[in-house]
Every structure is written in structure tokens, then in C-alpha cells.
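Below is one structure, written out as C-alpha cells; comments come after it.
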Amino acid sequence: MSSFSFKLQDNSAAKSHLHARTGTLAIASAHQEKRQIDTPGCFMYSIKGSVPHLTPDNLRQQTFGGVNVAMEQILQTDQPQSFSKWTNPFAPESQKLMSVADYLHLQDLILLCDFHDSAPLEPFSKRASNTDYHVVLSTPKGIRQLTLEDYLKIVRHYRPDIVAALTDSILETTQTAGNPTPHKKVPSQKRVRKSVDRSLKWLDQVLEERQGRDGMAEDRKKEQEKRTKREKKQKARDAKNAVDGDTEMTPAANEDQEEGNAFVSQPWTDITVFAHVQGAHMKEERIRSAQETARRDQVQGFIIDTNDLWATLSKEHEKRSGEILAHVQTSLTHLPSEKPKMVYGVRTPEDVLKAVAMGVDLFDTSYPYQLTEDGKASLYEYGVEAAAAAPSIPTTNKSVVTNRWINLWDEEHADQFKPIMEGCECYACKGNRHTRAYINHLLKTHEMLATVLLMGHNMHQYSLFFSKVRESIQDGTFEAKATLFSEVFGIEPESTGEKHEAQIAVEAALQKRNQRLETAEEGVVEAIGGAVPAGQPVSKMEDAEQQASKKKRPSQEVEEGVDIAAKEKALKK
Amino acid sequence: MKSALKWDILAKCSTTKARAAVLTLPHGPVNAPVFMPVGTQGTLKGITPDQIEGLGCQIMLNNTYHLGLRPGQELLDACGGAHTFQGWNRNLLTDSGGFQMVSLLKLAEITEQGVQFESPHDGSLMLLTPEHSMSLQNSIGADIMMQLDDVVSSLTTGPRVEEAMWRSIRWLDRCIKAHKKPETQNLFAIIQGGLDPVLRKKCIEEMVKRDTPGYAIGGLSGGEEKDKFWRVVSQCTDLMPREKPIYCMGVGYAEDLVVCVALGVDMFDCVFPTRTARFGNALTSTGTLSLRQAKFKDDFRPIEEGCDCIACKSYTRAYLYTIVTKETVGCHLISIHNTAYQLRLMRQIRESIIEDRFPQYIHKFFKDLFVEKSAYPEWVVNALKSVNVDLIEGDKQQA
């Protein structure tokens, strides 16, 4: 059995009138060392269950204590039905059932399992809506409807430390004839109310099931009624058809139900439940959702997902974060102070500071990830008087001037044999091992080590930022330092999603070559066909490989850019 | 000529021509036989230098042509060479760059002076000479540098092969003369001569006179028949000086490595393990797993039982199936596994040579890979028979 705890520290000596606080979220269990996240802190952002670019060993160089995994990204099409096949090869006794932490090799971190990507890129690809009986997931294999019953089965098999209760997020897009790309749709008041109601209903059902009670009784009753109706109709049809001959018996539908019942008796109270609070852009609904959710004692933490606000925000970049934070504030006011709150969609350092001042405890690491994808290396520092590391640097977008990061695609770094940040302890910077010049070279040659090094640095600096924020809350300097930060570093320039011109040029040049190499490699894969089957001469493999390398010495085959086929696919998401 | 290496043979196989040795280079020792992973652009495909070291890699390849273009000689000089540039403190080997001129650039023309080609930047005519190649490799600072050779495809026949062989010898002389740092960098000669034993013999005779610190067998792995390939390798190792390291360029499939070690080769390189990794193909002792295939969806085993790489210690095939070719982490993990596989193979070969049980190792290796003897490639059987290992009958005699 593992147990969840969230302890707030007494910072009353710090005498701040802000709501910023420090605490520790911890999971203690008999068979494992205690795992914890110091707050304000982060659950790491992941894609398909991996923190982008970081292999497990490199991931362990980071100090974030938790990771957020999106169910929609890792759920296979035949799950939960195929969970019986889940076995853990690393477990001491064979046939041991695998948890999601085992599957993703994240046992030493606190694993939070939610449904959706906490930092989706615009525009959403999802075009379907949730109903009373299911939520829509956007899986790697396409849209999928997830029922509460399946959700419960998944939770029982995944056994994450913390799970988000099934909730009705409004992440809808519309497609009009004139505008073929899906765009955001402002939800109606009716839809927002429904979202709050459904989320509360599902939350109650989830909490019932968690206690080992039948939370599905009502749903099944309705389902049974429907089925009876269907069967009656079917019988009537059959009776008609019977005139023409024998009819096939419809298979009994009871089996499913019995299987469902078998699960119900098992409580899963060692899994902590976090609940989403809903309400979108409607203040009264936000309040209702927060108040009602807060009344459920079993809920140990709250998630405020601001991604569904996008359609209702103003067009001006400078105003948007203020609007988002105002909605967050509305929810926070009605949530119990002793429990942790997590926010999605608030990620830049200055927004994090504002949210922390309101009493938000938990964030994700999508900010360092997005910097990395753009080729940016962070320079911002919390608590410094001036941006010592760099003066204002114009970036490719000529109007944007920032001192919070550098874009290593910029040619000016090509001869800079110095670390991204002096004194930084990340793998790249430490001992000046990997210089700005080297990372610029890696980007230009489209080598994947570039994002590995950048991600390491950006994640390290983000965690350092949080740890300095915690210190400042404890020693009473938070307010002053937060103000100082915005004076020195301003606000994050709007990300237009535009690629650096150097990146565009490099990618265009490699495009043709990649296509040729990928076509060639297809041939190799076909020839190999998985494990070389017994009896298949390996020379066949060589032939294909040699065709692939077009009669070159394989050692000297041009390598540049081959990786991009895969990388670009990943980026296109 | 001067040498900046030490070559200590630890053990010789009592059956085949294989040997185990320690090659001591300016950036530390290298256990031979050795497979050298290829980091073309000054990086091994998303793997950090610490991870490469962690796999036990002692020497890696870089590419002169690519580093000459980017970051360029000026920047390499400015930062003190490729070791510093990429944060790699162990050994580096660079090839001469001539091969890329010929293979990558359509309008390359080879003259006595050098390789003339169109600049990929501005289309102007450029010339790579032996002197220029040496100058670039001196700037890179590789522990082993390769001469500029006149490369012809191994499928070429006729007088062009002989011309290339003689020109490679003349270019070797110019390389030796232009080499500025023989005290800290080793220059290897490259034996040419196509598939013609007479030309190979002549080339070896001439190049051995130049007394370079090591020798490479070049001009192979270009689509020639395997039965001809192994005969050239074996002939070369017979004629080359046994007190120096022998490097067979561009060889990297597991079965080729085992055969070539038996034929007396000490060093290998190939892009295959890391390149194929990026397409989701994982190497194992029983064959290649194409992890993109749906059959791995519910396969909850590591890629290879007993492999201690980070991919095998952390993940199942089922999970890797979901991320290979999609997430960069997937590429990194398979690249790490494949490099670990190659290096482990070489370690096992080396241990078996030291314990003088290499023939037994060969039998087991091919049985694991092909299962049935009828599946053994004929050239492998022939090649190994030439060094007294009978794959078909031999294991019975030993049993």
C-alpha cells in the first residue's frame, strides 16, 4: 500500500500578503523509497510516456520528482481488453502484472496519469465531442471513445500513483466550409454547464469505485433498459424473419456484465485521485465546479486545465496570460487551501510567478520543451539584478528582443566556444563540455544531439528556477524577486510557430536526400523482415543494404539528415 | 615513418589468424579487435559522449569531408580540434574525405593533382589534394588519420583499377610529406587494387616500404560478391606486416566481423548499426528485430535477454514499438542498443581469442544467428574453412 501526502510548510515568518506557499507532495510505500515533489514544482511533461529527447539515464540527471503521462498517448487500440498480456519481464517473479510505471520505466518518479496532452499544439486535431457515456481521446492511432467502464479498467491495470478522474474537457474544434483547418470554437453556456455536471457525476462514480463500491449501477441500469428495448425490437424482427426459416440466436450480452461486476469489489484506495475543475470562461460555472469538487473529500488535488480557454481569449498576446490567470484565480478562491493545485497552460517563468503568488503549487515542463524545439537555450535567472548572461539579443523575428534565451540557430553562435550559461551545472554547460558553437553545428547538421543537450539545459534551468522560487518564499523575498524578474526579463515574446530561417534552409536542403534514403531503407527493412528467419541467407540483407548505400562503403555513406525523417514526423504532430 | 601508437599483441588464436591486442593511441588504449562507431558530423546520432563512454567505446570515427564543410577548418583550429569540439576525450579516427568527394558529388573529377569537385555551397570548382586532406585532418587532430586514396568501385574492372592503385601510392607519399604532426597523429595507408590479387600484392609491397603506423584494406564493401571479398581480405592479411594493426574499412555486419577477425583483421567501422536504428531495427544475436512491426505490440521482453544497455534494462519491445521512428528517444535507445551490441560482440570475440576458444565461439555465433546449418552463407563457410574452422562438420569434432 502506498500513501499520498501533501504538507505545507509554515512560512508565516516570511510575512507575505501573497498566497505563495511551499510544500511537499509525497508518496510513501512499504516496498519503495519515499518519492516527493517540492512545491511549487513540476510534473515533467511527456510525450507517449517519455520526456522528449531524454533517454532514461539522461532523464535521471533532472531533479523533478514527478511525471505527467497522457493516457491518450500510450493507450493501445485493443486496451483495456488486452491487459491480460501485460507482464513485467523485469519483475523477480514471472508473470507479474505490469503497472504503467513499470511499462514506462518511471517507477522512481511520482506518476500522474491524465487523459489529454497538457500542452497541445494548436490547432487541435480533435473534432469529436464527449457524450454522457464517453470522452474522446486523441490517440496516435486516431480518435477513440473512452467509456467510464474502460477508464476504470485502465486505472486498475495502470495503477499510477495519481490519476485524474474522468472529466468532460471542452477541447472542441469546428471546421467550416470556408476554413478547412479546424479552428477553436467558443463553447456555449449550455455546453459549459454540461461539462461541469458531467465531470461531477463521473467524479462521484470514480470515487465510489475507488472505495470498492459499484459506481456503475445506474449506468448499467440505463444500458440494460436500452438493451431490453433493442432485444424486443430484434425479437419482433426475428419473429417476422422466422417465417422465412431459422434465425440465429443473438449472443447473450451477460458475459460482459459479469466481467464488469468482478472488478467492482476491488477497491483501489492506494491510487490518489486528482480532479479537474471545469467551467471554461464562465465565472459562475468555474465557481460552481470548484465548490462542488472541493466538497468531495476523497479528492486529494485539483487540476485547472486552461487549454480549453483558448477560443475565448483576446487576440493580443500581452493580454492573454492575464485573462488565463484571472480564470485560474476564480477557481482557486473556492478550492481548499490545504490541498495541492496544478495548472496546465501556465508555463512561462513570469506567468508561473504570478500563479505561484495566487497559491498554485504544480505546473508542467512544457516550457523548456518548447524552447528546445525552437533551438532556444534559456538564460533567464531568478533573483538577479540584471541579465548578466546576455544583453538583449535580437532574434530572427526582427521585432522580438529578448534576454531570456538565445536561439542557437543564429549564426552568431557559430564561433562561440563558451557554454550557454557560465556556471550552469547541466550536462552541456558543465566544464564547458558542449559549447554554443557545437550546438549551433549540431542544429545546422540536423543532428539529434542538439535537442538532447538543449533539453537537458532548459530542463535544468527550469528546475533551478523553481528551487530558487521556493527558497524565496521561505525567506520572504518572493514578492521582491518576482517583481525584479519581470523588470529584468519582461514577458515571453509571442511564439509565432515560425521556424528559424536557418532551420528552414537546412531542412529544405535535406528533404530530397532523406526521401531517397528512406526509400532505400524501406528495402532493407523488407529484406530483413524482422528477426532474420531461420534459413534466410543473410546475404540478402547485405544486398539490400548495399543497394541502399548505392555501392558506397557503408562506413562512409553520407549520414547527414537520415534521422530527420523520423524527427520531422515527430515534429509535425 | 614516425608513429604515435603502440601495438601489443596479447594473444593469437591457435586455429585462425585472429589476434587480441591493445592499441595504445594518444587518447588512451583501444582493445582490439575493435568496432568503431561512426559519428560522421562530430556526434554519434543523439548519443552523448558520456553514454558512448559508458558503452565501453574507446575509439570513434569522424568524417573529414563533413567536418571540413561544417564547422570548417578555421573553427576547428580556433577551438583546438575535433576532440574538444565534440567533448570527446577518447580516440578519434578520421577518413581522408576523398571517398565523399567521389560518392556525394556528381561532378567530381579525379586528376593526378587531386579530386576536383563543385562546391556544394556556391558551385565553384574546388580541389581536394592529399596536402589539403592532411591539413584538414591535422586541424581535426584525430588519433588515426587516413591517407587520401583514389577510390574506385570494387565492381570496376580494367586499367582504371591499376591506375587508382598506383595513384594511391603516389598520394600516400604526398600525404606522408604533408603530414605536420606525426608525433601525435598516426597516418594509415589504404591498400587498393580492387579484386585483383596481383594488384593488391603490388600495392602492399609498395606501401609497406613507406612504413606507416598501420594499414587499411580499402576499396571493398562496395557490392562485390562476398566470396571475392573474403579472399581479398585474407590475401591482404597474409601479406601485410603482422606487427601492425590492420583495419578493414566499411565492414560492420556481425557475421562479417566474426569472419574478418578470423582472417586476421583488427579494426572495423560501419554506419549500419546506428543508421538502421533510426528506422527501428534492433540487432540481436539471433537476428534483426524490426520493431516497427505490429507483432511486437504485445511482446513484453527486452530487445535482447542479457543485454545491459539502457534500452534493454528499461523497456520492453512492446513499449519500444510505440516510439521507434516516432520519438527521438526511440532512435536514441535503439542506437545505444545497437552500438552496445556491436561492442559486446567484439568484447566476446576478444575474450574468446585470449582464452583460445575462438573457433568454439564462431560455431555458437553462427548457430545462434542462422539456427540451421543449411542456412549458413556459402562464403562464410568457405572463408572460415580457409582458416581451419569447419562450420559444417567442425562442431562435432570438437564435441
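Glycine residues also receive a Cβ, built from the backbone N, Cα and C atoms like all the rest.
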Same-site residue for substrate (record: TrEMBL; known: B:ASP95, B:SER96, B:GLY97, B:GLY98, B:PHE99, B:ASP149, B:GLN192; options: B:GLY123, B:GLY219, B:GLY222) | B:GLY219
Site co-member for Zn(2+) according to TrEMBL, given B:CYS307, B:CYS309, B:CYS312, out of B:HIS337, B:HIS363 = B:HIS337
Annotated range (TrEMBL: region 'RNA binding') out of B:14-18, B:154-158, B:234-238, B:274-278 = B:274-278
Surrounding residues of the region 'RNA binding' (B:274-278) on its own chain - C-beta under 8 Å, 6+ positions past either end = 37-38, 44-45, 288, 325, 331, 334-335, 337-339
Name, in the order they occur in the sequence, the residues of the same chain whose CB lies under 8 A from the CB of B:ASP149 (substrate binding site) and which sit 6 or more residues away.
-> B:SER96, B:GLY98, B:PHE99, B:ALA164, B:SER168, B:TRP171, B:LEU172, B:ILE190, B:GLN192, B:GLY218, B:GLY219
Filter the binding-site residues B:ASP95, B:GLY98, B:PHE99: retain a residue only if its CB is under 8 A from a CB of chain A. Output in sequence order; output 'none' if empty.
-> B:ASP95, B:PHE99
Tell me, by DSSP, whether B:PHE99 (substrate binding site) is helix, strand or coil?
-> helix
Are there any residues in the same chain, six or more apart in sequence, whose C-beta is under 8 angstroms from the C-beta of B:ASP269 (active site, nucleophile), and if so which?
-> B:PHE35, B:MET36, B:PRO37, B:VAL38, B:LEU61, B:LEU93, B:TYR247, B:MET249, B:GLY250, B:VAL251, B:GLY252
Cβ density check for B:GLY98 (substrate binding site), other Cβ within 10 Å (all protein chains) comes to 28
Rounded Cα-Cα span from B:ASP95 (substrate binding site) to B:CYS309 (Zn(2+) binding site), Å = 29
Let me know how many other Cβ atoms fall within 10 Å of the Cβ of B:GLY97 (substrate binding site).
-> 23
